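Undergrad: Found this in TrEMBL, in case it helps:
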DOMAIN    68-439  domain 'SDA1 N-terminal'
REGION    505-605  region 'Disordered'
COMPBIAS  507-516  compositional bias 'Acidic residues'
COMPBIAS  520-529  compositional bias 'Low complexity'
DOMAIN    534-684  domain 'SDA1 middle'
COMPBIAS  539-551  compositional bias 'Acidic residues'
COMPBIAS  552-578  compositional bias 'Basic and acidic residues'
COMPBIAS  579-594  compositional bias 'Polar residues'
REGION    632-762  region 'Disordered'
COMPBIAS  674-695  compositional bias 'Basic and acidic residues'
COMPBIAS  696-706  compositional bias 'Basic residues'
DOMAIN    710-754  domain 'SDA1 C-terminal'
COMPBIAS  736-752  compositional bias 'Basic and acidic residues'
C-alpha cells in the first residue's frame, strides 16, 4: 500500500497528468488544484518582491504553474477570478525585465483565457496593443502582432464584430493622427493592411486610416500608406484565390486513377465522393455573383482633396516636412496620377511637374511616363498636355535616339493620346507615324499602334494614304471626325451591330420577326396597380382612353418617313462635311464647336438603328448572345489574331487597372539583346516556362517524374542497355508461324483474365 500511495503522489505532482484529470472530473480534484494554485500565488508574490533576483528554478516553476492554471481556469472560475488580472499586471509592469520564455508564456496564457471566454477581446487587445508600441524586444513585437491579428480574425469568424472593429480602427486612427511624426504609426498601417487583405476591414474607416498614414510626416509611414492604395486590392484578391485553392484544390483525375487500380475500399469511395462534391461546389461558386469588394481608391471620402494634399505636401512642398528619396516620391506620384485619372480630377500643377523629368537621362523615366499617362483623362485641357507631348517627341523620338528610347517615347505618347486624343496636332502626328518604317521591331510596333489609334479617333488628321480603308469610309460618311472636348458618349448594347447585320442578311420582315420574338413569353403582371388595367393618359390636352383589349379599336396607320429623302439628305450632309473637313486645319476642327444638327447627325450615325427603331424581344437577346459567342470563337482564329491585337491596343484599358513601366517599354525590352547569363539560362531551361523550348513529351515526362508516376513499358525499354535487348530481338526474328500464333493466343488469354495475377474479376 505504501508503494501504491507513493506512485499516486508522483502522478499528482505531474502537472500535465493532473490537468487531464481535472478536465475529466473537476469536482473530484478540486483540492489538488487548490494546492497547486496556492503554490502559484506564493511564487507570484515572491517574484513581485524581487523580479530580478528570482532564480531559474523559481522562474521555471512559475512558468509551469501559469500554464497549468490557464488551461483549467474555466473549471474553477470562482477560485481563479483574479488570475487574469494578475497576469495582466505582471506583463504590463515587468515586460521589459521578464525572462523571454516566461513573458511569451504569459502572453499565450492570456490568449488562452480569451478563447475560454474568461476575458473578452477588448480587454485582451487593450493589453497587447500598448505593449506592441512600447516594447523594445523584436521577438515580443512579432508575437504580439501575430496574437492581435489572430484574435481579430477569430472575433470576426462567425459574424462581424462591429464594436471591436470600430474600437481598434479608432485606436489605429488616433495613433497616427495624434502624432504624425512618430514612426509608431507603422504598426497601425500593418494591422489595417492585414485586416484589409483578409477582408475583415473592408469599409471606408480602414481607408481613412491609410489616408491619414499617407499624409503623415514620417517617411516609412507615408510609404506604407501609399503602397496600400497601389497594391492593397491586388493582395486581397491574391489571398482570396489562395484560400480557395487550398480549400478546393482536389485532383479528380488522380483520385479516379487510384480508385481504378487500387483496392476498392469505403474510405477511397468517400474521398472520391467528397472530391466530386467539392468540384461541384467550386463550379457553383464560379457561376455565383461576385461580392461587392470596393476598391480602396473608390472608398475615399474626398479624392480631390486627398490628391491635392499628397501633391503639395510630398511632391511640391513650400516647406519640406518629410524627406523622401526619388523612389518614394515616384510611389507618391503614381498614387496621385491614379487618383487623377480614375476620378477625373482637375490638378493642373501636376502636369507642369512632369516637365523636368521627361528626359532619357532621368532614372526610372518609364515610370514617369506611365504616371503621366495615368493622370490623363478626357477632361484635361489639350493645351496643358501639348507641351508635354512635344517634349517627349523632341527628347525621345528622333533618328539619333536609341531604339529602346524611341519605342518608350512613342508608347508614352500613344498612352496619353488614348485618354485625350485632342492633345495631338496634325503635323506632329504625321511625323511620328513615319517611324512605322523603322528597322527596329519595338519602334515599328509603337508607331503602328499610334497610327491605328488615330485611324479610329481622328482619321482626318492623317494623310490620305495613311488612313486605311475603314477610316476613309467613315470619313466619307461623316462619322470618323473624332470627339469634341468634354464630349461623353452614351452607353450602347454590346454586340448590337452583330444582331443588326444578321437580320439584314436574313432579310426578315420586321413585323413578323417581332411577333415571333414575343412567342412563348409571358410578362409578369405588376400587383402594385390598383385595377390591373391601363391608365388614361393625357396628350396635348386631349384624354386618350386605352382599354384592356386593343382589338376592339381600329388601329391607326403609322406615319412613314420619307426614307429616300432622308438618305439623300444624309449623303449631301456627309459630302459637305467631308469637304469642309478636308479644307479646315485639324487643330481648328478640334477646338471649333460643331453645329447642333451636325452633332445629332453624327450621334445617329454612330448609334445602331436597331436600338432606336424597335424594342428588342427575348428571342433577339438570345440570338445576340449566340452571335457574341460565335464572334468570340472566330476572334481566336489565326486570321483574326492581328486585328484582335490592334483592337485590344486601341481600346482604353479599365480605369481601375494601373499602367506600369513595362507597358511603356513595350517590345523594346524584347528586342534588346540577351546577356550571356540569360542565354545560358535559356539554353539550360532554367528560366520560366516561356523560355522552355523542350518538346511536349519531355515536359510531360518531367511532370510525371515530379508526381512520382511510372512510365510505360515502351519508354522503359528505350532506356535499357542495347546488349540486354539484343538476344530477345534475335530470338524474336527467328520465330516460326506456329510459335508466333501460340504467343499471340497466350497474350489474348492473359488479357482476358486480367494479366498474370488474374484480377479481372471473373
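Glycine is no exception: its Cβ is also placed from the backbone N, Cα and C atoms.
Each of these features: where is it, how hidden is it, and who are its neighbours?
TA: When averaged over the domain 'SDA1 N-terminal' (68-439), pLDDT in the model lands at 86.
Beyond its flanks by at least six residues, the compositional bias 'Basic residues' (696-706) meets 715 of its own chain at Cβ-Cβ distances under 8 Å.
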Undergrad: What is the number of residues in the compositional bias 'Basic residues' (696-706) that are helix, strand and coil, as DSSP sees it?
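TA: Split into helix, strand and coil, the compositional bias 'Basic residues' (696-706) gives 11 helix, 0 strand, 0 coil.
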Undergrad: What does the DSSP secondary structure composition of the compositional bias 'Basic and acidic residues' (736-752) look like, as residue counts for helix, strand and coil?
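TA: Output for the compositional bias 'Basic and acidic residues' (736-752) reads 16 helix, 0 strand, 1 coil.
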